[in-house]
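Here the structure is laid out as structure tokens; the discussion comes afterwards.
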Amino acid sequence: MACLKLQAVTKSYDGVTPVIKQIDLDVADGEFIVMVGPSGCGKSTLLRMVAGLERTTTGDIYIGDQRVTDLEPKDRGIAMVFQNYVLYPHMNVFDNMAYGLKIRGFGKEQIRQRVDEAARILELQPLLKRKPRELSGGQRQRVAMGRAIVREPAVFLFDEPLSNLDAKLRVQMRLELQQLHRRLKTTSLYVTHDQVEAMTLAQRVIVMNKGVAEQIGTPSEVYKRPASLFVASFIGSPAMNLLDGTVSPDGRTFILSDGLTLPLEIPQPQWGGRRLTLGIRPEHIQQTTSAQGVPMNLLTLELLGADNLAHGLWGGQSIIARLSHEEMPVAGSTLHLYLPPAALHFFDTDSGLRIEP
């Protein structure tokens, strides 16, 4: 095992347009880090630079105490698991897992021991003689992981390994990945576009946007204290409600575009007259009496089973409130909503950055 360090790493293909803007990252020995973001945000490019499949434009990459920036992938002590399983169809499970060791000159007994141990960890012992066509998607992905495990790498790199699996199997494989990491305690860098994978697997999350690491933190930090409008809108399902408006001169109300005012129970006079974006998560909005709440005309109600989502508009801007499964107001009715002051987030509308009271 080893730590992973990225030092002022950047990437540009034409020398002008940055694909990855400067990123510094320290991954502790045994830590599981997940990079999450939309397509084209640079997360896979960054992973490929760590793997040695892409060259950095500037900066250095260290695995343990060794600078690996200019080393070939085979010399970096890494193992990758891809979205596609890349199994040899004519080989059985044992030979697929053993192949990388064979071409590196390992002895038969050493290969057998490593494959048997990986198969035990992944519960693949009964499948070692089967061909890939005889396996389910989840079993094939476990074989791909086994092929990485037998290398005993310093760092695991995962490139969207669950994307080809159906929803039920993804849940199962997420649990298996968590258990696998607890057993092996190998430093891991994992890429996904799925925020559920990021939040459930990661010890720390890197939220990527247009080549920038918008926020690096624990899943709880990223969810509870998003550093920017992008993070607030990307992490969470449904996303955080974001309302553009202006703080009143006395700092006691937040005024939306149509003149609707939202009370600020904790006045913010330092922001008086300033254009801001107010954020609140759907689950933090509460139903209350008409005297205490802000009215919202219910446009539609989504019934999700465990809870319900009430959709409406405030000042021409969408608002979603998460209700209990027992609350089933009728479309067209008026809800009165309360915004707890401790649940409010504020962002500078122009820069998109979080601001603190």
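Cβ from N, Cα, C; glycine included.
According to Swiss-Prot, the protein carries these features:
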DOMAIN    4-235  domain 'ABC transporter'
BINDING   GLY37, PRO38, SER39, GLY40, CYS41, GLY42, LYS43, SER44  ATP binding site
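Highest Cβ count within 10 Å among the binding-site residues GLY37, PRO38, GLY40, GLY42: GLY37. Within 10 Å of its Cβ, the residue among the binding-site residues SER39, CYS41, LYS43, SER44 with the fewest other Cβ atoms is SER39. Across the residues of the domain 'ABC transporter' (4-235), the predicted structure has a mean pLDDT of 94. For the ATP site, the Cβ centre of GLY37, PRO38, SER39, GLY40, CYS41, GLY42, LYS43, SER44 serves as reference, and the other residues of the chain with Cβ at most 8 Å from it are HIS193, MET208, ASN209.
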